[in-house]
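Database features, via TrEMBL:
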- 68-140: domain 'Copper amine oxidase N3-terminal' (DOMAIN)
- Asp257: active site, proton acceptor (ACT_SITE)
- 271-566: domain 'Copper amine oxidase catalytic' (DOMAIN)
- Tyr316: active site, schiff-base intermediate with substrate (ACT_SITE)
- Tyr316: 2',4',5'-topaquinone (MOD_RES)
Amino acid sequence: MTSSSMSSLQEPRKADMTAWLANPEKAPRPSRIADAVAIGPDGKVYDGLINLQTRSIVSWEVLDGLQPIITIEELQLVEHIVRKDPKVIEQCKISGIAEEDMDKVYCDPWTIGYDERYGSKVRLQQALMYYRPNVDDCQYQYPSTSAPSSTRPLSKAPAVNYHPEGVEKQGGFRKDLKTINITQPEGVSFKMTGRQIEWQNWKFHIGFNYREGIVLNNITFNDKGTERPIFYRLSLVEMVVPYGNPERPHQRKHAFDLGEYGAGYMTNSLTIKNAICIHEEDSGILFKHTDFRDDSVIVTRARKLIIQQIFTAANYEYAVQWIFHQDGTIQPEIKLTGILNTYAMLPGEDTNGWGTQVYPGVNAHNHQHLFCLRIDSNIDGANNTVFTTDAAQAEAPVGSAENFYGNGFYAKRTKLATVGQAKTEYDGATMRSWDLCNTNKLHPYSGKPSSYKLVSREIPGLMPKPGSLVWKRAGFARHAVYVTKYQDDQLWPAGRHVPQTSGDQDLGLLEWAANNDESIDNTNVVLWHTFGVVHFPAPEDFPVMPVEPITLLLRPRNFFTNNPVMDVPPAIASPPARWLPTPRAWPRARRQLHLCRPRERLLPG
Ligand code: ABN
Ligand code: CU
């Protein structure tokens with residue numbers, strides 16, 4: 001056993017933080033408290049808080065039966081231990097690997113889930129075994145059985161690799177791609193002041209920690225001179241990847257990549273230097289309209305700002321993008337790529353529906369990727385209320401006075417007034433969205449509350465059954481949405497220390513959302529949203545997966561007086577003579593403008 005430790009800053013008490021943000025000159029600066037977890041050489045686990053200003057210990061306790069997040073040092077150690085283990089060497093021999101080839105044996109150390117034989121007092125990892133005949137071969141192509149009960153010989157199929165030499169062997173790189181240059185000759189259009197960024201009316205703080213990776217705070221939008229608060233804090237707070245093969249030992253495969261390994265820790269590079277990349281991209285059309293009568297047209301191009309991190313969870317990669325749009329939309333997007341987790345299979349072996357043969361001898365098991373997004377909303381102030389909006393047919397029947405022709409439909413809004421009512425699911429048929437509203441601020445035209453709506457359409461249910469280990473441990477994934485009343489320190493929905501929890505005790509979100517009767521009407525609400533994919537692997541995912549994106553939108557609704565981006569200079573405005581009476585007064589816009597003549601009419605007549 002080695003000793004290890006991890007530390008980050010404790011999230012400042014929100015009351016102190018908001019007081020300081022409102023009046024940084026007069027209000028005291030919130031204390032900087034280090035939040036530390038340490039494992040001593042004796043295996044004892046300690047949880048502590050240290051005030052960095054006063055250099056004093058605020059609290060320090062020994063934990064019993066809890067296992068903190070796995071560190072990189074521990075991950076690396078496992079492979080060395082496993083390679084030298086006589087039982088592993090023997091097992092490898094049975095699979096056809098000679099003892100002198102043990103340096104070609106690799107293992108991905110995974111958390112164990114929960115094994116009732118050992119409980120949570122002993123710190124455990126499981127080793128998923130692979131072989132690399134050649135150091136440049138993709139190891140996931142040569143999975144080796146990790147349980148003595150189910151030995152299968154190593155695959156003899158030729159290596160299929162995605163590195164340049166491998167691609168050369170398969171015919172080489174395509175030659176029809178021409179260079180595309182994307183340049184910003186005048187520099188970027190965002191401004192960083194310390195960790196605060198300003199871009200196109202947006203202003204927010206970019207933080208980073210070992211567990212969540214990117215954390216965005218104090219997100220505001222300058223609406224014609226008024227800085228309007230939107231979100232206090234946005235981050236991904238957990239994810240779970242349950243695998244769907246019930247045959248031993250695969251039931252153990254369900255990683256909580258944030259709570260058990262840390263999206264910050266696993267970010268490339270692992271030294272967490274330059275872990276975040278910030279850049280702008282052209283985003284196609286922002287808005288456009290052609291008047292069919294005279295072909296006059298305005299096309300305005302959109303720009304987006306992307307705050308990105310990529311983390312590698314052994315075989316898988318996750319690119320997490322926080323995309324900010326000029327129209328007030330925030331788009332969290334996760335791009336899944338990397339390599340499938342694989343297992344050995346015999347020629348002709350029945351996968352029993354739990355997986356797919358993606359290459360000879362390679363069985364990739366069905367699994368899910370479920371992410372939990374935490375939204376601490378602040379729409380025009382801290383007191384917000386959540387509603388669902390569903391497209392609904394008019395209740396009145398066809399032929400009735402109110403709905404004679406039967407075509408009536410409307411946006412059915414349902415207030416989620418209590419924690420119990422807020423435990424909700426997605427409904428694609430009604431295009432359900434969740435609206436974070438400030439009911440104290442009504443729009444002057446629509447009369448509806450100022451709001452941001454969460455649009456999320458990839459929300460599979462948790463596949464492991466109620467009562468199963470994953471269902472118990474990943475309580476946050478039982479519903480698409482939970483809403484709780486803000487409390488300091490309620491951050492980790494699967495619990496503070498996730499590895500080897502049995503799920504027998506409600507931890508994290510299950511604990512915080514236990515009181516179904518608690519009111520969440522017009523208060524500081526936190527919305528927890530689980531979304532993701534069910535992944536049934538296919539040969540196209542092998543040996544490396546083309547990116548699969550999952551996208552969410554947080555869109556302003558009844559928030560702005562009207563379209564907030566009409567002041568973005570158009571790319572095409574035609575005929576300009578009508579619309580740019582004083583072009584010299586608008587030199588920048590003119591430079592970007594294609595001065596077009598109206599097209600010849602295409603329509604007859
Ligand atoms: N996907 C599970 C995992 C993550 C990091 C390191 C090893 C395994
Ligand atoms: Cu997958």
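Placement of Cβ uses the backbone N, Cα and C atoms for every residue, glycine included.
Curation does not apply to TrEMBL; its annotations are automatic.
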Rounded distance in angstrom between the Cα atoms of the residue listed as 'active site, schiff-base intermediate with substrate' and Asp257 (active site, proton acceptor): 10
Cβ atoms near the residue listed as 'active site, proton acceptor' (within 10 Å, other residues, all chains): 22
Three-state composition of the domain 'Copper amine oxidase N3-terminal' (68-140), taking helix and strand from DSSP: 30 helix, 14 strand, 29 coil
Stretch-averaged pLDDT - the domain 'Copper amine oxidase catalytic' (271-566): 97
Cβ neighbour count (within 10 Å, all chains shown) around Tyr316 (active site, schiff-base intermediate with substrate): 21
Local backbone state of Tyr316 (active site, schiff-base intermediate with substrate), from DSSP in three classes: strand
Where Asp257 (active site, proton acceptor) falls in three-state DSSP terms: helix
